[in-house]
Each structure stands twice: as C-alpha cells, then as structure tokens.
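Step one of this worksheet: look at the structure below.
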Amino acid sequence: MTQNSLPSWSSLQTHYEKIRDAHMRDWFAPENDPAPTRAERFAFAGGGLAADFSKNRITDETLKLLVQLAREAGVEKRRDAMFAGAVVNPTEGRAALHTALRATDPKAPFYDQVQAERARMAAFADQVRSGEWKGYTGKRIRYVVNIGIGGSDLGPKMVVHALHHLATPEITTHFVSNVDGADLYNVMQQIDPEETLAIIVSKTFTTLETMTNARSLRDWFVEKGCPESALAKHFVGVSANPAEVVKFGIAKENVFEMWDWVGGRYSLWSAVGLSIMIAVGPQQFGELLAGANEMDQHFRDAPLEKNLPVLLGMIGIWYRNFFGSQSYLVAPYSEALHFLPSYLQQLEMESNGKSARLDGVMVDYPTAAVTWGEPGTNGQHAFFQMLHQGPTIVPIDFIAVLTPEHPLVSHHPKLLANCFAQSEALMLGRTLEEAKKVAGADKPELAPHLVFPGNRPTSTLLVDALTARSLGALIALYEHKVLVQASVWDINPFDQWGVELGKILGKVVEADLTAPSVDEKKHDSSTSALIARARAALKK
C-alpha cells in the first residue's frame, strides 16, 4: 500500500474538497469563533517554544486527520527507531544519531565517546579563547576561519551569526565554503596569518571545495612566512576520516572526530561545531545542546496531537500534498537569524528532495517543497508583494523573538508589529468593496489593484529570547519536522545521492578545461560548446 492510499490520506482528500474554498476571515469572525477561540485551540508549546497555527487553513477536523495520517504512516515507529540507533538510513546502512550528540542519558548510544570528544573540544576552545593557544610568532589567535561546505558550513555559520551577542569580542570568525577563489581571497584580506586558526571540516576530507580552499590557505600561510613545521599551531581538522586529515599535514593531536552515524546537515552538534564553541564558549555550546535535547524529549514524549515537530510537519504535508503548494517561506523577524533560511534549505531539500521510496519504487506524490526565505522586514520590500497579491499560495513560517538581544530596544516594537501585522494582513486580505473605499470615488479603476485575496496561510513561532538554548530547540524542531515528513512520504531523509552525479561529471569537465585537447564527442553539444568557450577564455 502506498502512502497516498492510506485511509487517512483518502479522508484528508475528502476533507480538503469540503473546506478548500473556506476563507479564514470567516473562521475568525467573532460570531464564528466562540471560546475557546481558534487562537486558543491552535496554540501549542514545546521545548521552550510557542506556536500559533490558527492562521492556517485548518479546522479541528483537519488536525485530527493529519495526526491520524502521521500514525498510519509510521511516524512514531520511525522516530523511535532513530532515537534507538537503528539503521534508519538504509541506502548507506547507517544510523542517524544526531540526537545522541546532545543526549544527557548515559544509556544513550555512544554516550561516552561523545562526551570524551566534547571534552577535547572544550579544552581546546578554552585554550584558544583565553589566548593560551598561540600562533607561530607567539601571538594569540584573533581570527578563526572555518573551511567547509554544506553541513560543514551552513549550520556553524548560522549559529555563530545568531549568537553573535554571546561571542567573545577577542575573536572574529569567518566562514569559507565556495570553491570560487573570491570567497577565500576576501577572507585573506581580513586576517593576519600570525593570529589565525583554520578549522578544516570535511566528513571524508576529500570534498573538492573544502580541500581546494584548505590547500590554498595552507600555501598562503607558508608564503606569508609561517614555517611548515609550525602549521600545527594554525590548522586543525574535523573529520570522520582521521587518516586523511593527517595525510593532509594536520597534526594527529589536532584532529577532532565526527562519526558516520551523523549526517553532515545534522552535524553542528558535533566537532563540526568547533567554531561555535570557540566563538561562544563551551558553556554556551552546552546550552545549545540542552535546548536541542529539550526539543528531542518533547518530540519523543508529547502526544502527537500536541507535538510541535509533528504538527509543523503535518501542516506542511497538508499544503504540499493537498493544496499543491510548490514552496514554503521561512521568515525570521530577527537579523540574528539571517542565515536560518539558507540552513533550512539544505536541511529540508537535501533531506526530503527525493523521488524513490524506501522500497525503491518511485513516489506518485510530491515530496519536499522549495524552501526559501529572508529575514523580516527585508523580505517585505522584496517579495511580499507576490505573497499578498500573486496567484500562488505560499505557506509561511514566521519566527518572532519577543525580546531583543541588542541595546536598541526602541526598534523592537516596530519589528514585532510588522511580523504580526503581516500574518494578519495575509489572513484577512482586502475585499473589492473595501478596496473601492480606499481607492475613492474619483479613482474606481484603481480598486482591483488594491484587492488582497487573503486566506494566505501562516504559522508563527515565538521565541522569548534568542539564547543558545532557545536556538538549539528551534533547530531541533525543524530537524524533527523533516523526519515527520519523510515518514509520511516513505523516503530516506538521511542520504543525498542527488549531489553525486554532478560531482563525477565535474571532475571530467575540469580535466577537459585544462587538457591540451578535448574530444568534443565526449559531451553533449551544449556542454562541449561551454567548455570550448571557457578554454579560450582561460588561455588569455
């Protein structure tokens, strides 16, 4: 039986046909919204976070059926298997134990191993932060450069930026990911090799982009006067392949381990987060883990009807598989969370952008939606026009931090007001009759342009304050949401075979770009023409 033939899926399809034309404006009308109100019935909390799902195109019956689908699809079974360390990544024969990295129960899988490596990280981070760790000329470290890509970059970069207000002012952290030399070169202009520590992060330590940047940075250190014998003072590695790290030239004692039972996009809780720990300190890193662990416990223990990751995930299923939404927007009204949308792009689309079910049969229903976003209020002046008046319905997750992490507190009411007002405007809209009044009797032709359809669905997540703990809970919420949706779609969220083919062909094309001659029949006519054009340019 395929997922979309489950009884609850069929019930949801019937239910969708029944309510698809209903307008939330009518549901919120006082005469239709007696106590307990929608705002009360669709308010949930967990892991220190609060959620308002009331401005979604759902009823009590919708949530009941969505939870029923989650049960029928085996969400609980898959969740429990993941926490237990079972092989939930069958295509690679691996567990997915990112939750073990923040577990506090000594009975958790790999507990002693995780604690030992974290203690090594903490000792090293303290040395760097205190100034005890010195470069080859005896100066303290003032710059940390994290070189990695994908999960080795997006998570740490997002967290370091989000917790900037908690970071030591003595150290500036830079992130380099792109193989475009401009990325590394721009950072080189801002650092002093005598005061720089490079953290090279790669699960295999063979990743093209990471190793290209790592070699260039190592060469730059030597060119600037660092003896090769002193590079150990400036380079550390994080990898599941320690032998390859040592082969690169990093001292064995400077290698921090990650494990193959942790996927890259779930790895910021491990030594991949060393740049985070150096920036904010071991104590705050521990708070980050504690917040994630709190959400883990909520995900494990809360009934599905009140389970934040389950509800967030199933509401996403509702729009993707029944309304046919192609994308969804993440709009954090927090500049500190600037990089959260790009982090979630990888988490959601690399995890669930799949077409093959666990049994190898192709799905006949949509899976991951396009994830995108920008912090508020910037997005309001870029793409909110489309959200309000375009023909496409895009579900939105608003994220609001209720208290500021900076001293410019007078800005904050304006920020929150915009967030809440956008959710209200998207829900209510503006009718043609209302638009005519706004246009005025002298410009009736303007009225159609002032109509807002409304009925645009939004969820609002509330964070009391942006702390390491609350950030950890927020990240874990989305991690578990991904698992919930993968369970419903019957796909594997822990592999990423889709990135492999381009890598393989990329090596062939790279060789052709620099070879003395090229067999034009090796590639299609378009690719051959692109290679020829590039070869001519590179020879100039």
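In case you wondered, yes, glycine gets a Cβ from its N, Cα and C as well.
Straight from Swiss-Prot, the features:
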- Glu350: active site, proton donor (ACT_SITE)
- His381: active site (ACT_SITE)
- Lys503: active site (ACT_SITE)
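Every protein chain shown contributes to the tally, and the Cβ of Glu350 (active site, proton donor) ends up with 22 other Cβ atoms within 10 Å.
The local packing around His381 (active site), expressed as other Cβ atoms within 10 Å of its Cβ over all shown chains, amounts to 10. Counting only residues at least six positions away in the same chain, the Cβ atoms of Leu208 sit under 8 Å from the Cβ of Lys503 (active site). Distance between Cα atoms for the residue listed as 'active site, proton donor' and His381 (active site): 29 Å, as a whole number.
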